[in-house]
Amino acid sequence: MRAIIYLLLISAMVFSMTKAVPEEEGLQLSEDERGGCLPHNRFCNALSGPRCCSGLKCKELSIYDSRCLG
């Protein structure tokens, strides 16, 4: 009986997570993201990886967090 309840709970959680972001919204990319640059407040890596869009710089906020900021 417990196994059935757990299975139902897990199924409900997975279903709610997939419905949290509409499919069209999840698949849309902005012009800047398609071009390879990162928009404002996105995670970045100052040493490698995609660069921030024009006017933004990759700023290190902590040892584990760098973001594109103006």
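Using the three backbone atoms N, Cα and C, a Cβ is placed for every residue, glycine included.
Annotated features in Swiss-Prot:
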- C37-C53: disulfide bond (DISULFID)
- C44-C58: disulfide bond (DISULFID)
- C52-C68: disulfide bond (DISULFID)
- L69: leucine amide (MOD_RES)
- 1-20: signal peptide (SIGNAL)
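Mapped onto three states, the DSSP output places C37 (disulfide bond) in strand. All chains included, 18 other C-beta atoms sit within 10 angstroms of the C-beta of C37 (disulfide bond).
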